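Per TrEMBL, the features are as follows:
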ACT_SITE  B:SER155  active site, charge relay system
ACT_SITE  B:ASP236  active site, charge relay system
ACT_SITE  B:HIS273  active site, charge relay system
There are 2 protein chains.
Amino acid sequence: MSSLEQKSSNKCCDGELRKYSFTSSALGGLSANLNVFLPSSALAGGGKKVPVLYYLAGLTCTEDNGAQKGGFHAAAAEHQIAVVYPDTSPRGAGAAGEDEAYDFGTGAGFYIDATKEPFAKHYQMWTHVTKEIPDVLSKAGLNLDTSNASITGHSMGGHGALTIYLGSPAGTYKSVSAFAPICHPTACPWGKKAFQGYFANGLTDGSKHDATELLTAAGGPSARNVDILIDSGTGDNFYKDGQLLPEDLAKAAMSAGYDDKQVQIRLQDGYDHSCE
Amino acid sequence: MSSLEQKSSNKCCDGELRKYSFTSSALGGLSANLNVFLPSSALAGGGKKVPVLYYLAGLTCTEDNGAQKGGFHAAAAEHQIAVVYPDTSPRGAGAAGEDEAYDFGTGAGFYIDATKEPFAKHYQMWTHVTKEIPDVLSKAGLNLDTSNASITGHSMGGHGALTIYLGSPAGTYKSVSAFAPICHPTACPWGKKAFQGYFANGLTDGSKHDATELLTAAGGPSARNVDILIDSGTGDNFYKDGQLLPEDLAKAAMSAGYDDKQVQIRLQDGYDHSCE
């Protein structure tokens, strides 16, 4: 893993939006892009460290979508939080089949570590997001408190945020939120295709990366407290098509004994899958 | 001019962002795109009409840039204002030379009515923005009060906003604001190239589309009151290269006797030309 190389910086909301790249060991030596919004206090010197919010993007997206269209930075500046935008897959891995569909391969890494060839060498987005990026950020002198982090995302990135939150030791991330996340991937077409393509044991391994399965396995408040907020729109065609299944996550939460303060799932009338 | 054809609608900030197209007489019969954010009260029925803010985009942009990246809709919803996003030029005019550079022709209409061939037939963005779009909107049953309008823009679109405001009868637009506008186009490379390319009489005609010249000609507060707000960044390379020249507009305002309430020009430390 190389250190961060800064490609550009733009002043934004009294902070800076910076574009970085680095050579990613997790992604098999490929170059990885990363955007970071740094609020003013992180730039002011004096070593004041700020909390970190990871934003994971959806299918076909890059590190730019959330940074350019998300509209997060005014609120991040108000609360003095850094926002970190990883890419959604390795780029240029050269794996057979990676560029044949929008929902698998390039732009569709699903935030898992692939175990099936020809994807295992490069498609290690779980390790990239959970270990490598926090590591490279903490060594970059950016005044980020990577131990004080939360995670969010949209669609496939909402799946990533939920599964990384639930699949990491309690407290690794303070909270998770998601827009229109894929909540039950082992039961929807997108998730089945991805898990069968990336995992040697297909859906069996996929269940460890399935928010509904993970919440069931979490065992309820007596075993683990959670802080989950989901917004999903009723006008979302992917919701109507059964790709998102927030109702399955809601059932799992209820069965496990979580109340709607620990697992808050809001269906927003008429909103669709787009960011706008 | 055909009526508006709705291409899509996305719920946003309790309102809707709609994409329209129509056959534009002003643009010589070409299809023109137009985005409109409608706040909730315009959608609620009952015929309550809302004010309109026009946003004019910059070089290389389309009707999508401001709508997707501008972050305007939360504020527009708060104040119940519609935001209208025109394109920046005709598309597919087929005029020789229109696709040779980023700063002339396609994506670079400069909000003027061209008088020079081969551009005169299609490059009529002044008429398109000031007459045709208000007309097609007022006939579309969208509950817009097109007589209660203001105008804003970025870069070339800031030039468009300033010159349309100053070049229209007083009161046509309530106010104008602009991010990093081209303030003195007859004195900068972008403007000289555009005006010499689009106008039969080059810069002579161009002076009627030059904010600095128009403000000088406005004659001061005794002749016409104005309400102008400009934000331009000191980290903007186009500002450093002399493409924007807000200092020339400031001098013209002072010479004409406008104070900094009527013409407010703010240089923002370290901000660059990008929207982010």
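Backbone N, Cα and C define each Cβ position, glycine as well.
Reported as a whole number, the C-alpha separation between B:SER155 (active site, charge relay system) and B:ASP236 (active site, charge relay system) equals 11 Å. Listed in sequence order, B:SER155, B:ALA180, B:GLY233, B:ASP236, B:ASN237, B:PHE238, B:TYR239 are the same-chain residues at least 6 apart in sequence whose CB falls under 8 Å from the CB of B:HIS273 (active site, charge relay system). Around the Cβ of B:ASP236 (active site, charge relay system), a 10 Å sphere holds 23 further Cβ atoms from the protein chains shown.
In this view, B:SER155 (active site, charge relay system) is surrounded by 27 other Cβ atoms within 10 Å of its Cβ, with every protein chain counted.
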